[in-house]
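So the structure is just underneath, and the comments pick up after that.
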Amino acid sequence: MSLNWSSKEPKTQNQPVAAGQKRTRNDAGNKVTVVLGAQWGDEGKGKVVDLLATEADIICRCQGGNNAGHTVVVDGKEYDFHLLPSGIINTKGISLIGNGVVIHLPGLFEEGDKNEKKGLKGWEKRLIVSDRAHLVFDFHQVVDGLQETERQAQEGKNIGTTKKGIGPAYSSKASRIGLRVCDLLGDFNDFSTRFKNLIHHYQSMYPSLKVDVDDQLKKLKDFAERLRPMVRDGVYYMYEALHGPPKKILVEGANAALLDIDFGTYPFVTSSNCTVGGVCTGLGIPPLNIGDVFGVSKAYTTRVGIGAFPTEQLNAVGELLQTRGHEVGVTTGRKRRCGWLDLVILKYAHMINGFTAIALTKLDILDVLDEIKVGVAYKLNGKRIPHFPANMDILHKVEVEYETFPGWKTDTSAARKWNDLPAKAQNYIRFIENHIGVPIKWVGVGKSRECMIQMF
């Protein structure tokens, strides 16, 4: 199966240029292919990554932490990934955790060991971790829970975080008191002092926070030795990969556009940039090296936790999507809220990310519906608004304008090519494509690799 990887341009990067000669601009090197969520997460990015990862030389994570949840089914075995790139399944590829990721070491090793029992062999030898990545500590996770409780008490609502410590870890990073992988592997006495200072910082805000410092430091010292063989300077590693021999490099986004700290439905968002800019900052690569950007969207919409959700269906349709789609969070086990496909958010995600193609997943979940609606515009006080609102009060008030399609009432789960799909399903797909102005490259009709219909 040809997966149309971003091509390598001719390069002169590593060839010396004679004095006084102008360097040509065709030295971009290899391009990275990026897979990003186009909704509120849980779109099936892992499945698309898994398809591409079979041919990839390097598979990277660039942001987020173990708040991500990707499920991949291979040979009937189901693997769950949170911190590890889901491309770690590819025994011929290298998986890289970039500097933009925040790493909870107990979570990383627990995840690796758990998947190893299911058959994931040799993962530690295929994993590279950037020395500039920040660490998530157990107390960050406790603080995450304390902050949620505090929000609930003060405002009557929380954000609905995964309580994995991601927000507090990124806060430590932005406050310049965080600790990185390179600190852990450096002078341990210095690391211990800074670790204690970081705990005091949080204890001054949350007096109820209790930490067994000696126990934590002992565990971290053990983790440091297990981690040491995997650690590299991520910037140099990526530079060499981009400017060496031709390589297929894949970047796996975590979370999604509408959860982006800048562009998402703030404050009900994650703490990192899960749009395309996060690829450059989270790996240390230039925009020039970004190739294809594939957006992943379900054939309907889901959201975990609270926050505005204009096309949500609090009715039998929502329940049907929830049960048929098994819409339960991989990371949290929470039921996902469900609704019709919202093309306003897809167009907005495309404006930010510049998708070159879309993967539309879980089309088969719609097989039993008599009619299917698609949100095409938002109205406020009866008038169409031309943009996706930043203000959450406005987003809560919008009225959605829908296009209605007849259901195809046919089982699509056995479809393996475009012509196997019923005409009404094809019309639905073509409408989405034309409305957002991005071609749909894959259509998913089931859980396994084989269920992704490739269109071109």
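Cβ coordinates come from backbone N, Cα and C, glycine included.
Contacts of Asp42 (active site, proton acceptor) defined by a Cβ separation under 8 A and a same-chain sequence distance of 6+ are given as Gly69, Ala256, Lys298, Thr302, Val304, Glu327, Gly329, Val330, Arg336, in order along the sequence. Positions annotated as active site, proton acceptor by TrEMBL: Asp42.
The annotation active site, proton donor is assigned in TrEMBL to His70. Other Cβ atoms within 10 Å of the Cβ of His70 (active site, proton donor), summed over all protein chains shown, number 25.
For Lys173 (active site), applying a Cβ distance below 8 Å and a minimum sequence separation of six or more within one chain yields Val102, His134. The feature active site is assigned by TrEMBL to Lys173.
The feature GTP binding site is assigned by TrEMBL to 41-47, 69-71, Arg336, 362-364, 444-447. The Cβ neighbour count for Leu363 (GTP binding site), using a 10 Å radius over every protein chain in view, is 24.
Per TrEMBL, Mg(2+) binding site is recorded for Asp42, Gly69. The Cβ neighbour count for Gly69 (Mg(2+) binding site), using a 10 Å radius and every protein chain shown, is 20.
According to TrEMBL, the feature IMP binding site maps to Asp42, Glu43, Gly44, Lys45, Asn67, Ala68, Gly69, His70, Thr162, Arg176, Asn255, Thr270, Arg334.
Summary: among the binding-site residues (Lys47, Arg334), the fewest other C-beta atoms within 10 A of the C-beta are counted at Arg334. Long-range neighbours of Asn255 (IMP binding site) (same chain, six or more residues apart, CB within less than 8 Å of its CB): Gly37, Gly41, Gln63, Gly64, Asn67, Ala68, Thr270, Ser272, Cys274. Between the C-alpha atoms of Arg334 (IMP binding site) and Val445 (GTP binding site), the distance comes to 23 Å. Here Thr162 (IMP binding site) is positioned 17 angstrom away from Thr71 (GTP binding site), judged by their C-alpha atoms. A count of other CB atoms within 10 A of each Cβ picks out Gly41 as the most crowded of the binding-site residues Gly41, Gly44.
All chains included, 22 other C-beta atoms sit within 10 angstroms of the C-beta of Thr162 (IMP binding site). Val445 (GTP binding site) sits 28 Å from Thr162 (IMP binding site), counting Cα to Cα.
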